[in-house]
Amino acid sequence: MCQELLKFYASWKGAEDDVKRMYSSVEMLTKNFICLRSSIQQTRFGRDVVARVEESIAMCESGVVALKKKLSKINSVLHANRGWSHKLKSQFQRALYPFKESTIVKLKEICSDLQGNLTLALETLQIDATSVSLQTLGVLQNNVFEMSLDIKSFDSQLAKASAWVGELHVFQKDQYMSAIYDWLSPLSREFSSKQHDTFNITARQDRLSDWVLQTNHYQQWLHGAGTTLWCLGIRGAGKTVLASFIVNALQVVSNEHVGVAYIYCNYSEAEKQNPTNLLKSILLQLVSRKRVVMEELTEAYKKHSKEGTAPSLPECCRLLHAAIGCFSKTYLVIDALDECAEDARDILFAELRKTKPLISILITSRHTFSDHFDSESALRLEIEANVFDIRQYLEERIIESRVLQAHIKKDKNLHELIISGIVNKAKGMFLLARLHLDSLMAKTTLRKVKTALDSLPEELDRTYYQVLQRIQAQDRDHAVLALKVLGWIHHAVRPLGTRELQHALAVEPGDAQFDEDGIPEISLVLSVCAGIVTIRQNNIMGLVHYTAQEYFERRSLDFFPDAQTEIAKICLTYLSFNEFAQGPSPDDKAFDDRMEVCPLLQYASQYWVRHARDNPEAGIKALALAFLKQESNVASSMQASEAFKSRFTMHSQQFRRNVRGLWVTASNGLYDLTVTLLEDAASIEPEDFEGERPLHRAAINGHDDITLLLVEHQANIHAKSNSGATALQCAASHGHQQIVRLLIDKGADVGTCDKKGWTALHLAASNGHRDILRLLSDHGADIQLKDGYGATALYRAAENGHHECTQLLVEWGTQLDAKDTYDQTALHRAAELGYLSVAEILLERGADCTIKDYYGWTPRYRALDMGHDDVARLILKFSTPLAQSTLYDSEQSKRA
């Protein structure tokens, strides 16, 4: 019991004190027993009495010793040195003693025995009490009473501890699930915030939503199996608000046996909303709804958390299929499909098709994006904002506007004129109604309001143009600020938080340190932008609608001709501040404090290159060179770029070290800056902490021109990183054929192995680069060569499902049944991982399907064990009758 308490005490305040009190209680109990035994050894007691009492005491003493042994195991931990290394050691030791409920039962039994034996001893003494003086009897009775209290106290603590253990088991499970959720949650928190904010928006569309929920199409989708409902609408019709109502309705009526998940696509989050993250978000929502940690998910978490890696796309797909299988039915709502990147959309739908009929999908989008995902069989529903919803929204905002109320006092008919005029012009677009009302609220006189009502545009583009005209008509300072804000929001690689944007607006070229006096109030930022900028969930700045982003993309050069240049300058100025010349933060607290005080640091570190690349302005080049020559500032930037805030200890120290300016320019394809640094006699071979040099980085990222430049400046093409990789292997692994050809022409060795024994050929095959396989083979690469694990290039191609590379290697005569160190062949790996087309190529060429690996498993049994029945059937189809008999015998033996 005590060992289990110690296992958890770091997560439960006061646990150490309780254990100390229990330890002291048992120790005092033992002393009282010794005192009692000493008393009855006096001659005034008869031998029979002494013998009976001693026997009872001996039985008590053995129980106490058993308790004390359990408690003494942790005594040293409680009194150990409190340094961090000792704490880690004690935490590890506590984890080695898993708690069993039987231990509590045993301790209670011991405690009951103690009480019984003490009672027997007491009765024996009382029977012979006439031979003992009253004074001695009083002392003994007092000692026995104190011992009885000690035992009762200990028993009470034991019962309390039992209750604690139950609570702690629940707490531990919740903590474990929370850790898994954090691991899976790059998007889910954002989607959750979006759902909450949208569903509770002021501009509610209850009538539209209620109408949709009552339609036959929705009811058919709701009660059908594997159906798809496509909700189509014009821009600004309120489709996102509708999606939030549907999600809420599903969550309210569904139980734990029905899965509900949702995705809010966002054009400005395209980089973050990649296929893997979208699938992980769906997976997380389903798992958290079921409140069950799937075994597959637990194993994946253990594996990746140990290795510091993230699950691959195929692994996410497999886990998602398993999660959907836990529900009798699953609903998925996808909002704004038209804002999802095409590649992400295609991969997402390809995986979702495999889950039918267990999943029903509802999609909202514009009409132009309705030709995807079973569009022929999908139910279609036209969405248009309800006129009554628009009127109610306008009514509420007009009442809240002091400006419009002042005008209405002068003309009682103005109220209805505004509402009817906007409703007629909006034509079912909630967004257009909002923008029109914003423009009227900015008018200073009744006459201007009436004039504006007569000229309200019916198209969004004209409406946005009028908004920009209003912005530019402000006083100069306000107009300049507004255009800066819009320039940053439109051109930012990712959405900016409010404090990030405020810091960006506060910096001016030439600053050596940050001046907080330059920070504009966020209320002013919103005001000068005339309603076209808004604050989204989690204090993220954004445009009022994605149609505004589309408008600015078409008119960017008209309104923000120098935005990229200005953003690059601000980022480089920020990174060059004196406070970052101190170098990276030494620990987690210092790092977290720095990121809190300097909110723009991460964005500037990650994206200054994106804004500066291909920018011909001399000012950008000068700022970049000055920054790149400050090694401490570069190191601070690398930490801010790669480290991330986390609950894990030492998270701030997970970043590349020893990075120099030439490494940065070569890695990011900054050709002109690379030339200048080389002319300034920068070292051609600076290594980062992984041993990667500028040539490695150029090869990894596919920068042909910089690779050639570095080679011409005598960069060592044979140099290896800490993993043993050369630039040629880096290029082959990442699929950069021209760099592979260039390095081979310059004398790179195609047969060089890294520390795992992989050659460039193994790496190209593993990553599916068929043309590079040809190139390497043409220059003498050995297709039969095995790596350090006994695997050939064919094996590596097969285990990653690259059927084209597999086909090519088979045609070249690669040994089909070559075994790795576990006696597995390429067919074993293809079967185990479910790559049907690869298995078919191997079987057609004569791969032996009866070979058993180190564990006695055939390829077919591997396929069956992993649930790939199609591969198992294929193997059986290619087997001879004798081989089929062998396979069945083998499988029966394994099952037995």
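Using N, Cα and C of the backbone, Cβ positions are placed for all residues, glycine too.
Feature annotations, reproduced from TrEMBL:
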type	residues	note
DOMAIN	210-366	domain 'Nephrocystin 3-like N-terminal'
DOMAIN	480-556	domain 'GPI inositol-deacylase winged helix'
REPEAT	690-722	repeat 'ANK'
REPEAT	723-755	repeat 'ANK'
REPEAT	756-788	repeat 'ANK'
REPEAT	789-821	repeat 'ANK'
REPEAT	822-854	repeat 'ANK'
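Residue counts for the repeat 'ANK' (723-755) by DSSP state, with H, G and I taken as helix and E and B as strand, are 17 helix, 0 strand, 16 coil. Listed as Cβ neighbours of the repeat 'ANK' (789-821) (distance under 8 Å, sequence separation of 6 or more from its ends, same chain) are residues 314, 756-757, 759, 761-762, 764-770, 773-774, 777, 783, 827, 829-830, 833, 835, 837-838, 841-842, 845-848, 851, 853. Break the repeat 'ANK' (690-722) down by DSSP state and the numbers are 16 helix, 0 strand, 17 coil. Using a Cβ-Cβ cut-off under 8 Å and counting only residues 6 or more beyond its ends in the same chain, the repeat 'ANK' (690-722) has close neighbours at 656, 662-663, 665-669, 671, 674-675, 678, 684, 728, 730-731, 733-736, 738-739, 742-743, 746-749, 752, 754. Computed over the repeat 'ANK' (789-821), the whole-number mean pLDDT of the model equals 95.
As a summary of secondary structure, the domain 'GPI inositol-deacylase winged helix' (480-556) carries 45 helix, 9 strand, 23 coil according to DSSP.
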